[in-house]
């Protein structure tokens with residue numbers, strides 16, 4: 001764009017110079033014809049035109065010089081660089097090794113742990129695989145939490161009591177024979193928990209007993225033919241027939257025959 005504008009300005013200057021030439025030729029012709037008043041006016045106008053053209057050219061050259069002095073590319077914004085901690089690789093490796101040594105020392109110091117709820121001492125065996133895991137981790141290990149009692153019978157203990165109980169060793173009471181210090185430690189130490197969990201036997205629900213109702217036996221007595229043939233008004237005769245014995249029935253049958 002800047003080259004195009006300069007080219008247009010150069011063309012306009014050429015045209016102005018040509019017009020001034022034609023104007024000068026015209027003035028010379030008028031001077032030959034003894035027209036002094038017209039010549040004076042024309043010379044004054046020519047002087048004004050030349051002065052204006054000189055001013056315009058001076059402005060153009062100054063603007064072109066400033067454009068060449070300035071870079072055409074866009075101004076680059078300098079980013080504010082944040083202060084970085086330029087540490088040497090030896091220093092970082094030294095810090096890395098020191099952190100691993102501190103981690104290993106803390107793990108070795110936490111080997112003899114005592115469980116307050118069960119009172120058993122145990123030691124963590126460190127293998128090569130554990131050492132590799134410790135080296136790979138850069139953060140410190142989390143503090144060991146006490147195991148949760150599944151039965152929930154024991155109340156929750158304070159954190160200070162837990163730390164104090166870890167520092168004191170467990171001494172069995174069987175080894176103390178008349179030693180007061182040993183007996184005091186034996187009393188303070190936690191009780192030994194059973195090796196096996198108690199087996200819970202499920203209770204059998206008793207089945208409800210079904211009581212049978214007693215069966216009533218009905219005795220059917222034979223009625224005689226007379227009792228059947230008697231009219232309904234006579235109520236005493238059928239009762240006698242019902243209450244009569246089987247021998248009486250046989251006698252009646254023989255008499256009828």
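Positions of Cβ are set from backbone N, Cα and C atoms, glycine also.
As recorded in Swiss-Prot, the features of this protein are as follows:
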type	residues	note
COMPBIAS	73-90	compositional bias 'Polar residues'
COMPBIAS	98-123	compositional bias 'Polar residues'
COMPBIAS	150-166	compositional bias 'Polar residues'
COMPBIAS	231-243	compositional bias 'Polar residues'
DISULFID	173-186	disulfide bond
DISULFID	176-182	disulfide bond
REGION	70-166	region 'Disordered'
REGION	193-257	region 'Disordered'
TRANSMEM	38-66	transmembrane segment
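For residue 182 (disulfide bond), other Cβ atoms within 10 Å of its Cβ number 15. Residue 186 (disulfide bond) has a Cβ environment of 16 other Cβ atoms inside 10 Å.
Sparsest Cβ environment among the disulfide-bonded residues 173, 176 (other Cβ atoms counted within 10 Å): 173.
Reduced to three states, the DSSP call for residue 176 (disulfide bond) is coil. For the pair formed by residue 173 (disulfide bond) and residue 182 (disulfide bond), distance between Cα atoms is given as 8 Å, rounded to the nearest Å. In this structure, residue 186 (disulfide bond) is part of a helix by DSSP.
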